[in-house]
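Asker: Got these off TrEMBL a minute ago, pasting:
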DOMAIN    7-192  domain '3-hydroxyacyl-CoA dehydrogenase NAD binding'
BINDING   S51, K58, S127  CoA binding site
SITE      H148  site 'Important for catalytic activity'
DOMAIN    194-291  domain '3-hydroxyacyl-CoA dehydrogenase C-terminal'
Amino acid sequence: MAAAIKNVTVIGGGLMGSGIAQVAAQTGHRVTVVEVNENAIEKAKNGIQNSLQRVAKKLYKDKPADAETFVKETLSRLHTSLDLKDAVKDTDLVVEAIVENLDLKHKLFSTIDSVAPNHTIFASNTSSLSIQDIASVTKRKDRFGGLHFFNPVPVMKLLEVIRIPETSDETYEKMTAWGKALGKTTITCKDTPGFVVNRLLVPLLAEAVRMLERGDATARDIDTAMKLGASHPMGPFELADYVGNDTTKFILDGWHQKYPDVELFKPIPLLTKLVEEGKLGLKTGEGFYKYDKGTK
């Protein structure tokens, strides 16, 4: 089953897309990364090369020649393209890793559905949108599923494999086998909001913000409580700032729109205020904590 997927097309060369492309190329797959312009292509290539060098340094600590060979051979399996239709003409798997916008995803899959070979599997790396909704524009729902990787992809071991009711057993088995061939630990989930990890994680972050909003405890004390009381590596506010408060809000807003009666998904005034003020977390220098001097 793993051998059934040899050629992989990753659409979107951002942080997640380039990470997926890297691990696929590392494990012997021929990979094509599709982007919208040359600047995005160059940024993806540079990011992958730098990440590969870090991986090689860890794998071949005292063997610089082997490390160089590893990087060179991996890069030889990595290709880039600005031509979406051409990039899917001879591929076994398409992994979509573009922005979380349903209309854009619909446009993308509609464009390639009639061009990609009949055997080609389509998958989305979405972390918050419904796989069923994304697949609705295609005529290959039996060959459609979710492959949700985690950031940073070369480091994080988990891969959530999501199947919709129409996903065939063969497609599911091929996706799972491919994930394992990448060295990932795979778990299976139905097409539910946030799948497993984000369905538990995002409400946790939301409840932490509500606690802070009510004045139950400080952000620092809540973070300390979860690290020392629940053995979490990061507290919820540290994690929210790392992920980006805009990202958390975006996910909650999407779920609230689709499931307006679920209390956990309702908007949080404090989170909305932070996002409106541009306090998105680590990437802007301030969120629940300040990072402008490298400290919280």
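Glycine is no exception: its Cβ is also placed from the backbone N, Cα and C atoms.
TrEMBL annotations: computationally assigned, not manually curated.
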Asker: CB neighbours of H148 (site 'Important for catalytic activity') within 10 A?
Answerer: 24
Asker: Rank the binding-site residues S51, S127 by the number of other Cβ atoms within 10 Å of each Cβ, and give the residue at the low end.
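Answerer: Per-residue Cβ counts within 10 Å for the binding-site residues S51, S127 bottom out at S51.
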Asker: With the CoA site defined by the record as S51, K58, S127, how many Å span the farthest pair of C-alpha atoms?
Answerer: 29
Asker: Report, in whole Å, the straight Cα-to-Cα distance of H148 (site 'Important for catalytic activity') from S51 (CoA binding site).
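Answerer: That separation, Cα to Cα, works out to 20 Å.
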Asker: Cα distance, H148 (site 'Important for catalytic activity') to K58 (CoA binding site), nearest Å?
Answerer: 25
